[in-house]
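Trainee: Below are the structure tokens for one structure; questions will follow.
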């Protein structure tokens, strides 16, 4: 892609998200979401592969539907109450339609079906943008809407997403689909705690972005998209395989890695709020996700590809990818647990 065009598209991505972040009027927020969607479509379709075009079409249709629903919710609220302000969305019909639209935007269950299919058709870097940056603008709106939404609805959305994200990834062999279900499960963790401790939602979102970035960048560096290909990675780059296994375990939420921190604090907060049953279901759903991360770790570290000749290192070209972002995200994804008290102090 032409570097000037790429610069314009990436700038538009940043502009759309910033516009939604800074808006207090529904029309401005909707405009930011639209700019965001239209900027990523050419990035998704740039390879002109049938799968990429199919994924782009699916993404466009779902995002356009969600944007239309947001417009419908905000105009309904303006008609019934006379308010366009985001914080004054108070009519039950408008709030329900708005949260359904935003759930569709970020891929929460039960409106998650587009997410694995779209991610599967994209290259890894565009998939990384879709899994991280594209979640920020809708999430900002969800956080502003949270006080007006029925707590039971938010809890049900969160629980459904963690369970679907766990179950859905169990039988997958495609790494992008596994990461899509991982994203759905993590979104569930963020939504379930949103009404009780929004600062924990932000913490979970931050750690999720770093862990997912580390996972995607590693797969990009090793040009891996299937579990079968992972088994060849150890002979090419043993150190990267070791850190990747740890990043995947961090995504699963195992101590003493960074991914354990948000899960631990969210379960603690749910218990404090008198919701032991919700906390138990969330913890059990995390076990489902942990299983498919362990599958990936097993494939990478404990199995050998049948055709691998272990006597000599296979010839390969040197990668042109920058490894500094990968090193930074991996370090953050593995080592933040000891500073949990400091992060809590800053959050409070």
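Cβ atoms are placed via backbone N, Cα and C, with glycine included.
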Trainee: Out of 233-254, 299-320, let me know the one TrEMBL marks transmembrane segment.
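Mentor: It is 233-254 that TrEMBL annotates as transmembrane segment.
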Trainee: Near the transmembrane segment (178-196), which same-chain residues lie under 8 Å Cβ to Cβ, leaving out any that are not at least 6 residues past its ends?
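Mentor: Distal contacts: 106-109, 112, 115-116, 118-120, 127, 131, 135, 139, 142-143, 146-147, 149, 151, 154-155, 157-166, 168-169, 172, 204-205, 208, 212, 215-216, 251, 262-263, 266, 269-270, 273, 278, 282, 285-286, 289, 292-293, 296.
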Trainee: What else in the chain is close to the transmembrane segment (57-81), if you only count residues 6 or more beyond its ends and a Cβ gap under 8 Å?
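Mentor: Beyond its ends, the transmembrane segment (57-81) has Cβ neighbours at 26-27, 29-30, 33-34, 37, 40-41, 44, 88-91, 93-95, 97-98, 100-102, 104-105, 114, 117-118, 121, 130.
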Trainee: With a Cβ cut-off under 8 Å, give me the same-chain residues at least six positions beyond the ends of the transmembrane segment (202-221) that come close to it.
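Mentor: Hits for the transmembrane segment (202-221): 124-125, 127-128, 131-132, 135-136, 139, 175, 179, 182-183, 186, 189-190, 193, 240, 243-244, 247-248, 250-251, 258-259, 261-262, 265-266, 319, 321, 323, 325-326, 329-330, 332-333, 336, 343, 347.
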